[in-house]
Amino acid sequence: MVEVDVVNLLHDGRIGLAPMEGVIDAATRDLLTRTAGIDWTVTEFVRVVDARLPPRVFLRHCPELAGGDPRTPSGAPVHLQLLGSDPVALAANARQALALGATSLDLNFGCPAKLVNRHDGGASMLRTPWRLRTAVSAVHDAVGDVIPVTAKIRLGFADRRLALDCARATEDGGASQLVVHARTRNEGYRPPAHWEWIGRIRRRLSIPVIANGDIWTLEDYWKARTLSGCRDVMLGRGALADSGLAPRIRHWQGTGEHLPPTPWADKASLLLDYAAMQRSILSSKTVVARLKQWMNHMRGRDPEAARCFQALRRITELDDFLAGLRASMTSEAPALPA
Ligand SMILES: Cc1cc2nc3c(=O)[nH]c(=O)nc-3n(C[C@H](O)[C@H](O)[C@H](O)COP(=O)(O)O)c2cc1C
């Protein structure tokens, strides 16, 4: 009976698309929310140091702001993420974001990058929960009456000793929702993700806690939800590796059916759409680099993606790359363009 209840509980729950700097831009958010599955998205972080940033910086990270209510074309809300440690600067930029039309602000306390951490941003804040609370509270005082302020943390910097204190600090500071990436900063992206630790946090907080880290398959989704007890999850690399993951989870939630694996042709078609959207905005070289980066996320879990990546990885010309990609959709082994 207990098992049946758990399965019933798993049949709802929201799915967020994780922020990924240099990877998940507005075009990717658009593409990954075209099929039902993703309920909300988050921008790449806007780095806040000491000054109020000009509108163009916000619009670069979140072009969706230009339409007023920031959403992807298919309607998924886009939350704007800020990264910083100075409460005054964070508050000033939160007000700026609000004035530009942001409808939800997320604060990044998980970034492991050495440069960011050296300047006291991202995961380095996890060493001092009181500072984390001050930062969240400054942003909440600035805009919290008008729009929600949320936070994203890891389980700690070097170890998990302060995990609960950090989580509580975000709630005490006024965060209305917390995403927990189930690893410490020093664990980087190495498996496993400690989903049971998200459960420990969830039990101590009264705000919704969202499970994040290493959800690559429907089975991972069940495990992450069961071990964390969280209703909602956030998908990052898993959604890039398999654009069908969120729709597969959504389909299973609605019907109990398991959809077949996403065909390579569907994934390649998504990459072609991405290139078509970006080639008038970015340089050809950058588009090729972005395509390779996305394929790199796909190839670990899809032999056809791995074969195609191997065949195309040395190509730098965009049209050649796209020709190879198109060929890979119909032939067994992608042909290298002459
Ligand atoms: C290349 C890359 C860029 C990322 N950029 C951000 C970011 O801008 N903001 C953020 O909060 N997390 C960022 N993350 C962390 C992800 O949002 C997510 O927490 C992490 O990848 C674990 O989830 P996953 O296993 O589903 O990918 C990034 C991760 C990667 C791999």
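Including glycine, each Cβ sits where the backbone N, Cα and C put it.
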Site co-member for FMN according to TrEMBL, given LYS152, HIS181, ASN212, GLY213, ASP214, GLY236, ARG237, out of GLN81, GLN310: GLN81
Fewest-neighbour residue among binding-site residues, criterion Cβ within 10 Å, set HIS181, ARG237: ARG237
Cα separation, ARG313 (site 'Interacts with tRNA') to ASP214 (FMN binding site) (Å, whole number): 26
Residue among binding-site residues GLY213, GLY236 with least C-beta crowding, 10 angstrom cut-off: GLY236
Contacting recorded positions, sequence order - ARG47, ASN212, ARG290, ARG313 vs ligand 1, Cβ under 6 Å: ASN212
Alpha-carbon spacing, ARG237 (FMN binding site) to ASN108 (site 'Interacts with tRNA'), which is rounded to whole Å: 17
Pairwise CA distance, ARG47 (site 'Interacts with tRNA') versus GLN81 (FMN binding site), rounded so that it is a whole Å: 9
Other C-beta atoms that fall within 10 angstroms of the C-beta of TYR189 (site 'Interacts with tRNA'): 12
